[in-house]
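The isopentenyl diphosphate binding site annotation in Swiss-Prot covers LYS73, ARG76, HIS105, ARG122. For ASP112, ASP116, the entry in Swiss-Prot reads Mg(2+) 2 binding site, with the evidence type similarity to another entry. Under the heading Mg(2+) 1 binding site, Swiss-Prot lists ASP112, ASP116, citing similarity to another entry as support. The (2E)-geranyl diphosphate binding site annotation in Swiss-Prot covers ARG121, LYS201, THR202, GLN239, LYS256, LYS266 and rests on similarity to another entry. Under the heading region 'Disordered', Swiss-Prot lists 1-21. Residues or ranges marked as motif 'DDXXD motif' in Swiss-Prot (evidence: a curator's inference): 112-116, 242-246.
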Amino acid sequence: MRGTDEKYGLPPQPDSDRMTRRTLPVLGLAHELITPTLRQMADRLDPHMRPVVSYHLGWSDERGRPVNNNCGKAIRPALVFVAAEAAGADPHSAIPGAVSVELVHNFSLVHDDLMDRDEHRRHRPTVWALWGDAMALLAGDAMLSLAHEVLLDCDSPHVGAALRAISEATRELIRGQAADTAFESRTDVALDECLKMAEGKTAALMAASAEVGALLAGAPRSVREALVAYGRHIGLAFQLVDDLLGIWGRPEITGKPVYSDLRSRKKTLPVTWTVAHGGSAGRRLAAWLVDETGSQTASDDELAAVAELIECGGGRRWASAEARRHVTQGIDMVARIGIPDRPAAELQDLAHYIVDRQA
């Protein structure tokens with residue numbers, strides 16, 4: 001029987017392995033651990049900015065009324081906690097690091113929505129769509145500032161190293177986002193460039209999440225390096241799956257319009273691979289990408305035909321296989337260092353969740 005995963009270009013998995021059908025315990029625990037401190041940090045903001053950040057984080061509606069909304073997956077905080085546990089520490093000791101990476105991640109989302117002019121995230125209007133460009137910029141900046149503050153408030157002797165890891169990852173994230181933006185006006189984006197962009201835009205913060213957890217736990221260098229490599233691999237897998245969902249994801253699950261990435265003519269990984277290796281389908285896709293006459297006005301039927309070009313050219317299957325290859329490599333990296341059974345299993349679960357998710 002064909003599984004749901006095939007709909008997204010992913011090989012069917014046994015029902016017992018479909019982690020996208022349930023919330024991983026480690027993700028639920030991550031939410032529980034970071035929320036009190038995350039709220040305390042948001043309370044430091046001024047009365048103009050606090051409700052905007054509260055809305056984006058899923059705690060309130062646009063009028064400031066409390067809601068229990070989808071506030072994200074918490075994959076990066078979970079990775080901080082599991083990395084700390086893998087190094088033999090109590091996960092609670094890594095709360096400042098987990099809150100920090102979650103704030104950096106959300107800073108990037110608010111700015112990304114603004115730059116892409118995306119009007120919906122997590123089934124709600126985005127910050128810029130409600131409050132305008134200026135407030136969206138400031139909300140993102142505010143969360144980035146809080147990401148530094150929460151670490152500086154920590155009394156760990158490893159705060160300096162953790163803060164450096166966060167800052168370097170943020171710089172890499174900005175580099176990747178800048179490349180992604182530059183690609184919009186180019187017609188000759190190479191696959192290697194697209195992969196380098198994904199390493200900065202997505203994988204850098206995943207790797208830093210693992211590194212921060214290990215640093216705050218005082219892990220030896222060999223453990224830190226293995227966890228960082230794991231984070232980088234699952235970060236690339238995450239971006240590959242994100243790109244698949246940006247074309248074939250179901251709007252009622254992703255919270256974004258159908259064919260959202262194609263409508264914006266984004267040079268995503270499956271698109272770029274198809275252009276380079278997809279034969280006649282790739283050539284037709286390349287011609288469509290440079291044809292600006294229908295930009296932003298393409299019908300769903302036209303976009304469905306473009307998605308079919310990517311399918312026929314092999315981009316969908318390549319992205320799926322590449323995501324699973326990175327997951328396997330990431331798991332192999334941590335298997336070599338002999339960490340305790342529970343965090344080892346949690347790292348495997350996180351990796352498989354990333355490729356099996358539907359949003």
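Placement of Cβ uses the backbone N, Cα and C atoms for every residue, glycine included.
Rounded to a whole number, the C-alpha distance linking LYS73 (isopentenyl diphosphate binding site) with ARG121 ((2E)-geranyl diphosphate binding site) is 13 angstrom. For ASP112 (Mg(2+) 2 binding site), the count of additional Cβ atoms within 10 Å of its Cβ stands at 18 [all protein chains shown]. Taking DSSP states H, G and I as helix and E and B as strand, the motif 'DDXXD motif' (242-246) has 5 helix, 0 strand, 0 coil. Listed in sequence order, the residues of the same chain lying 6 or more apart from ASP116 (Mg(2+) 2 binding site) and placing their CB within less than 8 Å of its CB are SER264. It is LYS256 that, of the binding-site residues ARG122, LYS256, has its Cβ surrounded by the most other Cβ atoms within 10 Å.
Listed binding-site residues: LYS73, ARG76, ARG121, LYS201, LYS266; maximum Cβ neighbour count within 10 Å falls on ARG76. Here the candidates are the binding-site residues ARG76, HIS105, ASP112. The one whose C-alpha lies nearest to that of ARG121 ((2E)-geranyl diphosphate binding site) is ASP112.
For THR202 ((2E)-geranyl diphosphate binding site), the count of additional Cβ atoms within 10 Å of its Cβ stands at 25 [all protein chains shown]. Looking only at the binding-site residues HIS105, GLN239, the densest Cβ neighbourhood within 10 Å occurs at GLN239. Excluding the listed site residues LYS73, ARG76, HIS105, ARG122, the same chain places GLY72, ALA74, ILE75, GLU102, ASN106, LEU109 with Cβ atoms within 8 Å of the centre of the isopentenyl diphosphate site Cβ atoms. Counting in whole angstrom, LYS266 ((2E)-geranyl diphosphate binding site) lies 20 from ARG122 (isopentenyl diphosphate binding site) by their C-alpha atoms. DSSP assigns LYS201 ((2E)-geranyl diphosphate binding site) to a helical segment in the three-state reduction.
Across the range of the motif 'DDXXD motif' (112-116), the DSSP-based residue counts are 5 helix, 0 strand, 0 coil. The two recorded residues, GLN239 ((2E)-geranyl diphosphate binding site) and ARG122 (isopentenyl diphosphate binding site), show a Cα separation of 17 Å.
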